[in-house]
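Only one structure is covered here, and it is reproduced in the block below.
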Amino acid sequence: MSKMYYRELYCGTPARYWSGLALLGVIIAIGLGAAYYMEHNGHWVTGMSNQIVWGLPHVFAIFLIVAASGALNVASIGSVFGGPLYKPLGRYSGLLAIGLLAGGLMVLVLDLGRPDRLIVAMTEYNFKSIFAWNVILYTGFFAIVGIYLWTMIDRSVNKYNRTVGFAAFFWRIALTTGTGSIFGFLVAREAYDAAIMAPMFVIMSFSYGLAFFIITLIAAYIWGDRELGDFRLTKLKNLLGVFVGAVFYFTLAYNLTNLYITQHHGIERFILLDGGVYTQMFWIGQIFIGSIIPLFLIYSPAFEKSRWAIAAASVAVLIGGFFQIYVIVIGGQAYPMNLFPGKEVVESGFYDGQVMSYVPTLPEAALGVAGIAVALTMVAVGARVFKVFPETLED
Amino acid sequence: MSNKCDQPNMDRRKMIGGAIAATGAMTIAPGVILHAASVSDEASSGADAKHRWGMLIDSNKCADGCSACVDACNTEHGLKGHGRPATDAVWIRPVKLKDKQTGRENRLVMMCQHCEHPPCVDVCPTNASFKRVDGIVLVDRHRCIGCRYCMMACPYKARSFIHEALTEQSVNAPRGKGCVESCTLCVHRVDDGVMQTACQEACAEEGHAAILFGDLNDPNSEISKTLKSTNSVQIRADLELNTGVRYLNL
Ligand code: SF4
Ligand code: SF4
């Protein structure tokens, strides 16, 4: 095999690079402004309430954090499982993972009621809390993936690459397990109390992370006028197909278990049949856009070599994934908690027994989108400063 | 009776928790863990472990249309609405129920149930939610970061997030924008030796006497005696949280 040369990414002309970066900067600035507005006025200016306490920013944050772990897949396959085709892409995989996690965490932190107390969150730990564990898992992820990147880029420490690669692999599995367990531990709510949540989040991360990876890889090679071979892309595409199928399988298993358990029929009915917008998001967003369309684009012989189809499939996976998390996070809260089994709530001073509505507001969306912009900015700057992308990836 | 899937699956919690703990512990020096030593001890100063405070609510006596307890709680703690019911703080709320089978209607009030095993305390990342040694569950508002995880975890929807800046606060309850709060069992009164909550007092003044506050650990207290001689229930007893608030005639 010929030797790989890595080079900093110059996106055609400097103007092209800097204007791209400026655009991202504007998006981030708008997001920060939105966060300030929400913080300054208090959360009543958002769509969140005392019934729906986690809103659109959480959907973005969880989506990005889950994707971050998955983005590291390619590096893991390359150095842990020894896939030579994936190895040259390992550096970019690490960079993207760090970027996505940073974006997700920014959104999460800026949506806290007291973001100014971040230092409390970093110094006071309740070790029974999955959230506290996640703080450690997230910060650890930055450190481990940072070192991992170092072992990939610096030849003098390259001998540690495999060991660090293993550590990073286990760490990220723990990270997504932790993220899924945020929900899996909530016994009070019918939608969440399920052990399957953790593995489901792990597999979701594989799928979303790879989709992000493929899209941004194609974009970077177009921008940088570099060669990206079909063979490698087809491999990635096939892998994505497997992950999308696996997410579909877990969705099926999750819903079937709930259907088996009589007490959970209420929430199932709500999501699958009469939950209004959540039902639509489930069928149209999660199932049709997120599973069926990408599987068709990936496996249909008509699109065998089509780069367009690969990109479209990845975008569909991301859109579907976003809806999936929306349905889990918001749909799960909108469905009323069953406090009084066997009784019907005739009157309540606090919306007992009622499906709650949640309408996200513009500032929440702006903050969420800024999280994606943070991820892309880190990638753009990282790829420009470090030797991340191979000169060419022709077959 | 067994409502299997709604039981808190402690084994599972332990298993997942253990797996995560093991991974985390690899990199965290054991010394760091010491640092987390129980905060609730200091915050509980003044509380006495001999007591366990609780309430008993008689749903037969809770009168239709009455809001005396809710009003008293709001006044006592300076809770004011902003005309936006979905985001206003609610510490105590009336609920009217109808049995699907028998059609029998009752009314009761819901508030923080002061669980013996409070899920809100388990999930709170910063130890802001804590249980005093006398069983009262509180939020330390200097430590709360407003993540709302406790609200996700509380099975009774007992907690409110403060959605806007507050003015004219009551000295009885320091509160703050961006933090979470809930019924304190009138802890300021308890610590002053006044053994009557604001809601109980108002309910009695109205002539209903549906609320009884007292020490569950003291066999001679009125609440203990009533609990011993009657058939009270816990709401969502299947969760095994051993609540400090109990209900009669539900
Ligand atoms: S009722 Fe809710 S807020 Fe109160 S102690 Fe139990 S879990 Fe915590
Ligand atoms: S909102 Fe405050 S009290 Fe509730 S879990 Fe978060 S930090 Fe703890």
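The backbone N, Cα and C atoms fix where each Cβ goes, glycine too.
In TrEMBL this protein carries:
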TRANSMEM  A:21-38  transmembrane segment
TRANSMEM  A:58-80  transmembrane segment
TRANSMEM  A:92-110  transmembrane segment
TRANSMEM  A:130-151  transmembrane segment
TRANSMEM  A:163-188  transmembrane segment
TRANSMEM  A:200-224  transmembrane segment
TRANSMEM  A:236-257  transmembrane segment
TRANSMEM  A:277-298  transmembrane segment
TRANSMEM  A:310-335  transmembrane segment
TRANSMEM  A:365-386  transmembrane segment
Selection from A:58-80, A:130-151, A:236-257, A:310-335, the stretch that has most Cβ pairs under 8 A to the transmembrane segment (A:163-188): A:130-151
Selected stretch (most C-beta pairs under 8 A with the transmembrane segment (A:21-38)) from A:130-151, A:200-224, A:277-298, A:365-386: A:365-386
Recorded stretches the transmembrane segment (A:365-386) and the transmembrane segment (A:58-80) touching, at least 3 CB pairs under 8 Å: yes
Interface present between the transmembrane segment (A:310-335) and the transmembrane segment (A:92-110) (three or more C-beta pairs under 8 A): no
Positions whose Cβ lies under 8 angstroms from the transmembrane segment (A:236-257), at least six residues beyond its ends: 73-74, 194, 196-197, 199-200, 203-204, 206-207, 210-211, 213-214, 217, 268, 271-272, 286-287, 290-291, 294-295, 298-299, 310, 313-314, 317, 321, 324
Touch test for the transmembrane segment (A:58-80) and the transmembrane segment (A:200-224), at least 3 Cβ pairs under 8 Å: yes
Positions whose Cβ lies under 8 angstroms from the transmembrane segment (A:277-298), at least six residues beyond its ends: 237-238, 240-241, 244-245, 247-248, 251, 270-271, 309-310, 312-314, 316-317, 319-324, 326-327, 330-331, 334
